[in-house]
Amino acid sequence: MWVFKFLLLPVVSFALSPEETLDTQWELWKKTHGKQYNSKVDEISRRLIWEKNLKKISVHNLEASLGAHTYELAMNHLGDMTSEEVVQKMTGLRVPPSRSFSNDTLYTPEWEGRVPDSIDYRKKGYVTPVKNQGQCGSCWAFSSAGALEGQLKKKTGKLLALSPQNLVDCVSENYGCGGGYMTTAFQYVQQNGGIDSEDAYPYVGQDESCMYNATAKAAKCRGYREIPVGNEKALKRAVARVGPVSVSIDASLTSFQFYSRGVYYDENCDRDNVNHAVLVVGYGTQKGNKYWIIKNSWGESWGNKGYVLLARNKNNACGITNLASFPKM
């Protein structure tokens, strides 16, 4: 009997101190991601958000273990932010009000011939390392630069990081860290006669004066093509035949904020309200679930080393084909 009570002690002790466990997790999370706060009040409010997010992650993963979801979540560097804050500070898609489709820029796929069942341009050397846009609405610049990098590799055989900051500072028809649009960026590169390399024009994550240097020009563009809205078959053809494609999605959900692995599909993801620009770098199938390989610009500590597998052929999930385009080089 005494032995039984003794064995229970550690269990009871642990059960009575969940706050200590949370304290330890919070301190470790802050240290891991270099978090510092201006005041104790600020830290308390941020911790409450973090705890709420942690609970959502735990509940989701329990449901996933029971087969309710095809993807898992994990805590990351965005843990002390609400999903509303993430959209406000870390997206940045801003479509021009006067934008309209033109037959001159519409992509018409060549439907003859098969395309691969899967393709991953990371393995083909078309994709530069994942970047972090920080709290600047420059997703459009990273998406555009990534698509240009893919075409540069295809044309020259060389992979070179191009400058999102060049686009942030110099595309006058966009709004820098206040947001922008990918085809506007492609038009700028075409009319400007080029875009600088990342090394020549490094990213600083804020609006600066345009410092484009023609002698540091690393790539040109001779126009762009837009994928027909809602047509995932056309997007697949474009990815297979052309290369990485700039797209927009709804990134407003907590499930996207903390995506970790698996094929992301959330029925609440709003295909009619896209707000974030990313890059499709391939497609495939996992355990019977078709997906797009998406390169994000929230750093390697987000998602699966900076990437998400987004559900493919699931009724335009998250609006992935609403604003898809690629540059011509």
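Yeah, the Cβs are placed from backbone N, Cα and C, and that goes for glycine too.
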#### Entry: Disulfide-bonded cysteine for Cys210 as listed in Swiss-Prot, from Cys139, Cys170, Cys269
Cys170
### Summary
Among Cys136, Cys221, Swiss-Prot lists the disulphide partner of Cys177 as Cys136
### Task
State the disulphide partner of Cys269 as given in Swiss-Prot, choosing from Cys221, Cys318.
Cys318
### Task
Go through the active-site residues Cys139, His276, Asn296 and tell me which ones have a CA within 10 A of the CA of Asn103 (N-linked glycosylation site).
none
### Message
If you compare CA-to-CA distances from Cys318 (disulfide bond) to each of the recorded positions Cys136, Cys139, Cys177, Cys210, Asn213, which comes out shortest?
### Response
Cys139
#### Entry: Pairwise CA distance, Cys170 (disulfide bond) versus Cys139 (active site), rounded so that it is a whole Å
15
## Note on the structure
Under a three-state DSSP reduction, the secondary structure at Cys210 (disulfide bond) is coil
### Query
Under a three-state reduction of DSSP output, how is His276 (active site) classified: helix, strand, or coil?
strand
#### Entry: C-beta crowding around His276 (active site), within 10 angstroms
26
